[in-house]
Each structure stands twice: as C-alpha cells, then as structure tokens.
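These notes concern the structure reproduced below.
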Amino acid sequence: MAGGKIQKKRHGAAGGAGGGGSGRLQGGIPFEKSKGQHILRNPALVDSIVAKAGLKPTDTVLEIGPGTGNLTKRLLEAGVKAVVAVELDPRMVLELNRRFQGHPLSSRLKVATVFRFLVPVIVIQGDVLKCDLPYFDICVANIPYQISSPLTFKLLSHRPIFRCAVIMFQREFAMRLVAQPGDSLYCRLSVNVQLLSRVSHLLKVGRNNFRPPPKVDSSVVRIEPRKPLPPVSFKEWDGLVRICFNRKNKTLGSLFKQKRVLELLEKNYKTMQSLQLTQDAEMGEEKMSADDVALLANMVEDLSMETGDEKEDDEMEMDDADMAGDGAASFKEKIMGILQQGDFAEKRGSKLSQVDFLYLLSLFNKAGIHFS
C-alpha cells in the first residue's frame, strides 16, 4: 500500500478500522458505518493486545472507543487499578452498562456515572479529541482511523507523560509511524512521532478479525514517549522538517535554493537580528514544552495524508542573478555554507535520521538561522 491514500473515517466511534460493512451489536443495535464501528471479534487477538501492553496492578488504563466492551473486559480481568473509557456513541455506553451489570467482575468495579462497582471503570461519553483526558499510565485502543494523527499527537502532548500506548491503526499509517530513513513510507509523520517517542510494530491484524470486516488491514503499534523530551523547540524542528520533506527525494542543496525558502529564512534572520537575539539562542537552550508539542494538532491533516510521492510545485532554484542585491546573494551563500559545513548539501530528507536533523538544526540555529 506504499504511496496509497489513507482511508478516512469519522471519529469518536467504537472500534477502529477503515471501510464499510454492516452488522449488529450483541444487543441488536445496528452498527453505524458513518462512525466506522468495527468490533474486534477474535478473543485470541484481544488477549495478545492486552499481554503486549505490559499492564501492572497499579495502572490506570485509558481505552478509546470501547464499543461493546470486549477489550474492556480483558483489561479488567488483567487486574489493573482502573479503566477510563472514552466513547462517543451513547448506544455503546448503554451496551457497556448492560454487559457489565451483574458480571462476576462487578464486585471489583466502581464507575462514576454509568456503573456502580469497586475498581473504577469510568466511562466518558464524548469526543476524545475534544475532551480533557484524565491521568492514565497506559492507553490501549482500537480506534476509528480518521483520528489517527490528531489522537497520536494529543496523547504525546498529554501531561503527565504516560508510560506507553498500544493502539490499533490502519496498517499503512502504522508503517509510516515506524518507517526508517530510506524506507518508501518515511515522511514528516515518521520523523515527528519518532522525535517525541519510541515506536515499535507489534502485530499485523487481518480485516477478518473485525465485525463487520473493514476494507483494509490493520496493525498494532506500541508508542513510548521519550523522557525527557529532546532539548529542541518543536516549532523550529517542524519548520526545518517541512522544508526537507517538501520534495523529500531532492537534495537539501536544491531545496534550500528555492526562492520561497530563502525569502522565509532571510525574513526570520532579519527579525531575529532586529530583536538583538544572538547565537546564545541556540537550540540547546530551548526546551520542548507541552504547549509546543500541542502545536502538532494543527498540522495533522497533511501529516496523515502524506504519500511517498513528491509534491509537484512550481518552486525554482534562485540563481545569483535572481537575487535582489549583494545582501540576498550573501545570505544564499550563508545557507549553502551551513549545508556544506555539515556535509548536507547533497543529502536528501528521505535519508536523514533523527540525529542528522538535530545536528542540521543546531548548525542553522548557531548561525542565527531560525525556522519559526
């Protein structure tokens, strides 16, 4: 599926797979295709997801889109401290209530408004992207795929930092998350998520494990936030990465000769100079904050829909004859000198590692060149 379009779905529903289909819940309630409701029906797969989450008795688990409660039940049986489930569909909330009332686990449960048990299972009815999330140690979720990017970055911006998330994604999206330099699916999404977390692929999940079956395969991914976060301003980081992945298979020397890029960087440079900022404002003194990371929520659409294809644009490289005066030509030479200093001029964004991007950003910032 490399380079293919990621299938989109409406968010906040139970289950998590792309595609249509029809079916009914255990209580006879029809699935809603518009909410992307696809329920995991393979008990062995549910058990495997719970086992790979590495749960502890002291854990509070966040579950997103619990649906009819198949995964919720296994989480409770694992003996965790509490489960917080966020569900948009009120019919599913009622189904969860119906399913767990009188259940043998009921003596171990206590629910805020829906249940009446001893170990908290708190059901929050609402849109996970819009509600404030409570404290949690681990997130375990089988999500509607349209919310993949915004949910990933909302979780990564959550404070306090959680231990890990084990999430079912559309397979192509999952492979973008774990892609390495040189892979066809390596993109801004890969670079940004891996800056903030360690990502590993756990399971490939066929479409027949869901009811009704979706049109695409899925994968389960483990995301572990980095502690501490890298000492870098995310606005600076993403500004650099955007340029490098504008056409990821072009050399950086070509990309940084584009008129639009040079004009942007020169404008930033002059602004910083006018504010009398010096090289002391290098990246090592800028710490990434929760607010900084939260800026990702405004960028997720293009991140989630990126393909392996280069973007076609009309940008032209700026020759010296195109430069308006000696100052502009001198600034271009400054940029090219930075790239050559780090031996980056002939390299491509699609081949650069996290360390490469951090080093390149540090070279620019030390020279007074900023991306935000």
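Don't overthink the numbers, they just go from 1 along the chain as shown.
Cβ from N, Cα, C; glycine included.
According to TrEMBL, the protein has these features:
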COMPBIAS  1-12  compositional bias 'Basic residues'
REGION    1-28  region 'Disordered'
COMPBIAS  13-26  compositional bias 'Gly residues'
BINDING   H38, L40, G65, E87, D127, N142  S-adenosyl-L-methionine binding site
DOMAIN    45-227  domain 'Ribosomal RNA adenine methylase transferase N-terminal'
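Taken as a whole, the domain 'Ribosomal RNA adenine methylase transferase N-terminal' (45-227) shows an average pLDDT of 87 in this prediction. With respect to Cβ neighbours within 10 Å, the binding-site residues H38, L40, G65, E87, N142 differ, and L40 shows the lowest count.
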